[in-house]
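These notes concern the structure reproduced below.
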């Protein structure tokens, strides 16, 4: 992917040789990016409001982790939405603004990945060490882990603000990407290995849980309500982690299947936008607690009381 060095501040509104030459396509891409970003973020904000306003949900460690996953996703969605106006105007306002937006965007993603691992660990403890849930899933331990996840993202944000690495939006190429700073290529490689290794760990954890669920079902010969809920959550987690893994693979290896041109970049960028919408979609499809309260908050149906610990 051809990119320009955003540290050059002589022309805040994109460099002349990188301006898109098709105004209609620029507006179409910009509107599509903006629309789907908002469409993914809007229901997510409602879900976050539901969790934040409900004391019962906030006391469940898994929902606390899901809340912070949501903050990360919404942050990414807002920054991805900015790419829409940038594309329509073929302007990024100022290189420093572009650099900061790119830094926040990717740092939020870096916080998202370990939070995903933390959620997998939460289920692992419940299945294999239920006697230790008071310690390993307690409020204090969960809080420390969540803070560590955000500090991991903050570490990368400070790195992205340095003159050695930069992530920016390139309006003429319809995508976010690393610039030509001296360590950008190394940072991109680090991102790939760091995220894939953590998501692979999630895959191993959920694989172990799936095996235990299957063995338990065979041993007892029936499928209890609790087991159905756990299968539902396992599917929820597998879909979100699996799609995230797919996006990472496509982002770093699109050249294996498609030409190196702006429509390929646009498609990969849309995959990132849809990644923001995966969690709220899966929550509303598979999580009875959140779906019921979402419907109630939207004024579509009066919700009866639901126990979040049994319908998760």
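Heads up, the Cβ atoms here are built off N, Cα and C, so glycines get one too.
TrEMBL: automatically predicted annotations, no manual curation.
Model, not experiment: these values are computed from the prediction.
If you look up TrEMBL, you'll see 27-53 (among others) marked as transmembrane segment.
Per TrEMBL, transmembrane segment is recorded for 74-97 (among others).
For 109-129 (among others), the entry in TrEMBL reads transmembrane segment. For the transmembrane segment (109-129), the residues of the chain that approach it from at least six positions outside its boundaries are 61-62, 65-66, 68-69, 72-73, 76, 136-137, 142, 145-146, 148-150, 152-154, 156, 191, 194-195, 198-199, 201-202, 205-206, 208-209, 212, 230, 233-234, 237, 240-241, 244, judged by C-beta separation under 8 angstroms.
Here the transmembrane segment (141-161) has Cβ contacts under 8 Å with residues 61, 64-65, 68, 72, 99-100, 102-104, 106-112, 114-115, 118, 122, 135, 167, 187 of the same chain, all six or more residues outside its ends. The transmembrane segment annotation in TrEMBL covers 141-161 (among others).
Feature annotation from TrEMBL assigns transmembrane segment to 192-211 (among others).
Feature annotation from TrEMBL assigns transmembrane segment to 231-251 (among others). Within its own chain, the transmembrane segment (231-251) has Cβ neighbours under 8 Å at 112-113, 116, 119-120, 123, 192, 195-196, 199-200, 202-203, 206, 209-210, 213, 268, 271-272, 274-275, 278-279, 282-283, 286-287, 312, counting only residues six or more beyond its boundaries.
Among the features that TrEMBL reports, transmembrane segment is placed at 263-286 (among others).
Counting residues 6+ beyond its ends, the transmembrane segment (192-211) has Cβ neighbours under 8 Å at 109-110, 113-114, 116-117, 120-121, 123-124, 127-128, 230, 234, 237-238, 241-242, 244-245, 248-249, 252 in the same chain. Sequence-distant contacts of the transmembrane segment (263-286) (same chain, six or more residues past either end, CB-CB distance under 8 Å): 1, 29, 32-33, 36-37, 39-41, 43-44, 47, 66, 69-70, 73-74, 76-77, 80, 83, 170, 173-177, 232-233, 235-236, 239-240, 243-244, 246-247, 250-251, 254, 294.
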